[in-house]
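Here's the structure we're looking at; comments come further down.
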Amino acid sequence: MRVTKDLVAASATPIVLGILAEGESYGYALLRRIGELSGGELDWTEGFLYPLLHRLERLGHVEASWQAVAGERRRKYYRITKQGRAELAEQQRQWQTVVGALKQVWPQFIPLEGTA
Amino acid sequence: MTVMDGKDELEDQFVQWREYVRRRPELAESDADELEDHLRDSVDELVTLGLSRDEAFLVAVKRMGGLDDLSREFAREHSERLWKQLMFTGEPGDPVKKNRDLYAMLACATGAAVSIKVPALFGLSLDDIATSLSLFALPWLAGFLLWRRRPAPWVYGVLVALFALGAVVANAYPAGDDSQSIGLIITHLPAALWLVLGLAYVSDDLRSSRRRMDFIRFTGEWFVYLVLMMLGGGVLIAFLYGIFDAIGLHADALIEDWVVPCGIVAAAVVGGWLVEVKQGVIENIAPVLTRLFTPLFTVTLLAYLVVIGWNGRGIEVDRSTLVMFDLLLAVVLGLLLYSLSARDPRAPRGPFDVMQLALVISALLIDALVLYTMAGRIAEYGTTPNNVTAIGQNIVLLVNLAWSAWLLWGFVRRRSGFAAIERWQTLYLPVYAVWFWTVVLILPLVFGFR
């Protein structure tokens, strides 16, 4: 199964902000976490993730700093800001509306193949 | 680290990879750091899965995808960087070289600005040196290009000789101030010297057709920059005049004798520098202009032909109209050249190619009418330096455009490739050089400096 481009684009911001709300992180770890969360279905490219992070940084939703955690390389860590949390809350509300509506029109999951 | 050869090799590969990344103007230093970190994580993970370090590196790089795609995505988010590159690109990752380019340019521009004031020391006004104005700018620009190219020693010799020849023509030819010959030298010597500059431009690879195409691009971009700088200069001068006028001082003499001449020759060098450093960073301007104006010129010329055909009106040709039609051909050629220079040679044929063909053919038809009438005139009144030049120019352009039309026709009909058109245009460059030098060197002699 492939998640369509539009859906990936729409869900990217809330996913990244959501992961960063768990704690600060860096690019590679973010990609791995996203893979984990989606069971490997969401396969973002670097060319997608880093520009997105830079955009969020520019908008002020996240802030970044180069840090060296003991015993590891210096890395660019991203952490969510207060404004980012507000944005996340707003996104959550919107997604809940969408998911709620979808749940009602799809009371049971429609069988994926061979609809009668 | 001699024990761990594998690790060393891997470091080498990282260094090389970084070099590639740094060539991308879209990717800033910190992006490269971040991506390298990512790559290292990826490699580490693959190694724990059992791959060797080399294999892991290859797989990790492959996963990251092509740099083209990557930089495109980065460019979308960071479009402002592309403009900054205008000031700060040089050889990637080599700030020393960037600065040296800047200093070389400043030295050449200053040299040009100073040199144009030298004749004033000997009591010569700008009007007195009208024939040699280009000699105060172009050799300096050529010097800057040579500084960047470092060609074989003989190239320097040839360039010095040609510029010296230009100086001889400009100053030693005994053509009267009102003669046609002097007018021809004033208008054609800059063009002749510009092609000498072209030699400096392609000096690192004289036979390469791509390099010559680069020179054609360079010419267009340089011209656009020069015009832009002149506009800026105009604004500066307006303020200069205005604010000094407000305190009762008239800056006319300062502006006329210093700001304008020094500014123009320096701008010629700065323009060349700008084109050199920004190469490939942003979409070139000249091709964009040709995209805009090719359809408009095509419609205009077709309309003109229709009108001529409709009321059977012949073109009234005298020398000035012939010059105008020469210029028209030159513009059509320019439109053709700059759309060629920006075209991806592998792109398929499109409606734009057909439109270009229509443009060239209509220009050729109009020109055939002009030449037909002009031939009669020469038979009637005899030859002068001006009409020989005008006719010659016309023939030089006509030959180029006729063959271009033929090649374009073959291209649109899918008979020949695009490369043939490009090769024809680059092969033709020396013909212009020969022609311009004939006009400035030989025609005045033939006509006894009339």
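Every residue, even glycine, has its Cβ placed from backbone N, Cα and C.
Record features, source TrEMBL:
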TRANSMEM  B:102-123  transmembrane segment
TRANSMEM  B:129-147  transmembrane segment
TRANSMEM  B:154-175  transmembrane segment
TRANSMEM  B:181-202  transmembrane segment
TRANSMEM  B:222-243  transmembrane segment
TRANSMEM  B:258-276  transmembrane segment
TRANSMEM  B:288-310  transmembrane segment
TRANSMEM  B:322-342  transmembrane segment
TRANSMEM  B:354-375  transmembrane segment
TRANSMEM  B:395-412  transmembrane segment
TRANSMEM  B:424-447  transmembrane segment
The transmembrane segment (B:354-375) touching the transmembrane segment (B:424-447) per 3+ Cβ pairs under 8 Å rule: no
Seg_contact(the transmembrane segment (B:395-412), the transmembrane segment (B:102-123)) with at least 3 CB pairs under 8 angstroms, min sep 6: no
Interface check, the transmembrane segment (B:222-243) with the transmembrane segment (B:258-276), three or more C-beta pairs under 8 A: yes
Stretch of maximal Cβ-Cβ contact with the transmembrane segment (B:102-123) [cut-off: under 8 Å; candidates B:129-147, B:154-175, B:258-276]: B:258-276
